[in-house]
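Over in TrEMBL, the protein carries these features:
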type	residues	note
DOMAIN	254-306	domain 'PAC'
DOMAIN	338-471	domain 'GGDEF'
DOMAIN	480-736	domain 'EAL'
Amino acid sequence: MKQDVERYFHILQQVAFAADADAIEVHLAEAFELSRIWVDRGVPPDEVTLLHHDAMVRLSTAHPELIFAQVADRLTRPLMEMSMAYGMAFREQMEQRYQAIVNSRLKQSHSLESVGKLAAGIAHDFNNLLGNIGGFAEIAADKLMPGSSAGDDFNNMVDNINTLLTAEQAMLEEIALNERRFRSLVENSPDIIVRYDRDCRRVFVNPAYIRETDTPAELVLNKSTDDANVWRPSMPREEYRKRLQQVMDTGVTDQILLEWVRQDAQRVSHEMYVVAEYDADGDVIGTLAIGRDVTRSKEAERQLLHQASYDILTGLPNRRLFGDRLGKDVAKAKRNDFGLAVLFIDLDRFKEVNDTLGHAVGDLLLKKAAQRICSCVRESDTVARFAGDEFVVILPEVGESGALQRIAQNIVGVMAQSFTFGEHSAYVSASIGIAIFPQDGDNADTLVGCADQAMYSAKKTGRNNFCFFNRQMLELAHQRMQLGNDLHDALGKGQLEVFYQPIIDVVSGRVVKAEALLRWRHPEWGMVPPDRFIPIAEETDLIQEIGAWVFREAADTVKRWNALSANQGQRQISVNMSPRQFTRGRGEQIIINYMQAYGLDPAHIAVEITEGLLLDNCPGVTQKLEKLRAAGIEISLDDFGTGYSAMAYLKRFNIDYLKIDQSFVRDLETDPGDRAIAEAIVVMAHRLGLKVIAEGVETEGQYALLAEAGCEYVQGYLFAKPMPVEAFLAFVNADAQKPAVIEGPLAVLMR
């Protein structure tokens with residue numbers, strides 16, 4: 001019987017997979033012949049029924065890929081052949097016993113899923129064969145309610161089977177609908193979607209991936225991330241593969257930024273979210289990557305980063321990026337024992353060009369200056385715009401002075417050449433300071449500070465030059481810093497004094513005017529020269545407070561002076577005003593308010609300004625000068641003749657006095673050129689209705705020549721040095737007691 005069972009299973013298997021109807025008939029004939037043998041042997045119908053059931057279950061288990069709904073007609077026909085062999089008695093017995101056998105068998109079976117597949121496939125035709133015995137499908141699907149039996153109404157069971165089949169069909173239709181929806185979502189998604197297998201090969205990509213990467217599908221599918229022909233993101237292939245593998249190994253979602261360079265050279269960026277994918281058993285089968293286009297946001301980030309790191313005008317690295325690069329270069333130089341140099345470059349006379357030709361031309365000059373500096377160094381060097389008209393250069397692995405001199409000299413040379421802007425030409429020069437690692441400093445801040453100090457030394461030596469840093473500069477810088485700190489307390493501690501230098505009327509020989517000069521008596525360093533601390537006061541804006549104090553002191557002194565010489569005419573003291581008092585303060589209003597509150601005659605005060613204030617074209621200067629003039633205060637122009645275009649400003653501004661700079665007076669007796677300039681200044685001033693004061697008169701010969709030229713007033717060591725207030729009042733009081741001698745310039749009251 002065992003051989004017959006195997007033979008029947010083989011017949012059933014051949015019927016299920018038969019290629020055509022003829023083959024089916026051959027195997028059905030074998031089934032009929034086998035059933036005749038069973039009849040002859042007396043095999044009971046219930047055993048035949050059970051044999052058929054077991055064969056069907058075995059078939060569904062051995063071939064899970066078999067779709068029973070497609071072969072249901074075939075699988076019922078072997079049973080029909082056996083029914084014909086057994087006759088009607090077989091059908092009657094099966095109606096009585098089949099359900100009980102199946103019930104008993106199913107209770108012992110653990111393959112309900114397989115039996116369910118079988119039942120779903122053969123229910124209809126088996127019902128045609130055995131009438132209402134089709135209720136087998138209901139039992140196989142585990143839908144038999146407690147208390148039911150083989151004698152239940154089989155028609156109800158058939159209804160249940162039809163309900164199950166209808167539900168199955170609806171479920172299949174729902175699955176197909178969801179699949180269509182999902183496919184539409186994937187195919188029309190603007191996000192790129194990629195599925196990778198365990199070997200990191202692309203097994204699926206959606207149309208957005210093809211479009212965004214600009215790569216044909218045949219070059220992408222079934223290709224590994226290691227394939228250089230299809231990989232063009234910025235991330236290295238090995239790194240991306242490693243990240244995918246890590247997701248598969250850990251199951252942890254990853255977020256990866258990929259930046260692509262398309263075939264059309266367009267740069268696109270995607271934020272990839274990578275998750276692991278699993279099969280029905282929970283095993284990882286690959287990864288799914290979904291990429292959102294972040295090109296615009298990343299481009300905006302890059303632009304912001306560029307703007308934060310580069311100068312908009314010149315395109316050079318800015319101060320921030322320069323500091324970052326210098327720090328890295330210094331660290332590298334320390335590790336490798338390399339030399340390194342920093343050049344600090346300042347453009348001389350740039351402000352004059354900017355003010356004269358306008359800011360647009362000034363901007364063009366800065367751009368061209370940047371290009372010229374870059375042309376003098378290597379591509380590996382860093383040229384940055386530090387601030388305004390200042391540039392800095394990092395020269396890694398260059399520490400030899402000869403090479404640095406050549407580079408600096410080249411920069412000085414190209415910067416001295418003409419800058420042409422259409423019809424305009426301009427000339428500037430460069431002052432360069434050089435600091436070397438490690439001898440001048442072993443960190444970025446120190447090197448920049450040393451190069452800055454060296455640059456100022458280059459300016460002091462005539463500009464258009466370069467200078468190496470040395471320790472003396474550092475000492476001077478420290479002193480300057482200390483002076484700045486001490487200057488904050490100098491006024492409050494009574495260390496500042498106002499000295500007065502007499503100004504002599506050339507005709508009468510009397511002291512009729514004086515200049516108020518600030519002095520600082522430092523407790524440690526003694527008398528500090530004005531040219532050392534006044535620039536510091538201007539830089540720190542202490543000049544506002546100090547300047548106001550100087551005026552109050554001078555106002556008090558001139559009031560006392562006029563009281564001593566009430567019957568000898570008005571006496572006047574001139575007070576120097578810093579350009580910063582005009583540009584950043586209300587110095588002119590402070591003077592006017594104090595004079596009004598103090599009851600001071602405006603004729604007793606003159607305001608002395610430098611030529612640079614007029615040349616710098618500072619905003620509001622004209623209005624402030626006119627305000628002083630309207631208050632009755634006279635204006636004196638100091639250091640006349642040292643500016644390159646002062647003549648034009650004499651017509652624009654209302655000036656009362658010109659002061660010939662001592663540089664023209666010093667060699668007046670020996671230099672015909674200086675004498676000619678001094679005489680020309682006097683003539684020009686008189687033509688413009690101005691009076692002239694000559695500074696730095698130290699010899700009687702200078703005095704005689706100035707008097708002969710028509711100069712109205714003189715001051716200098718020939719007559720008196722600057723002196724404290726009490727000494728000055730004693731000096732002018734003694735001068736007032738002596739009779740004036742007017743025969744000539746040598747008849748002046750001697751000291």
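Even glycines carry a Cβ here, placed using N, Cα and C.
TrEMBL labels come from automatic prediction, so no person has curated them.
The domain 'PAC' (254-306): residue composition by secondary structure is 12 helix, 30 strand, 11 coil, according to DSSP. Of the Cβ pairs linking the domain 'GGDEF' (338-471) with the domain 'EAL' (480-736) and spaced 6 or more residues apart, 3 or more are under 8 Å, so the two regions touch.
Helix, strand and coil counts from DSSP across the domain 'GGDEF' (338-471) read 58 helix, 41 strand, 35 coil.
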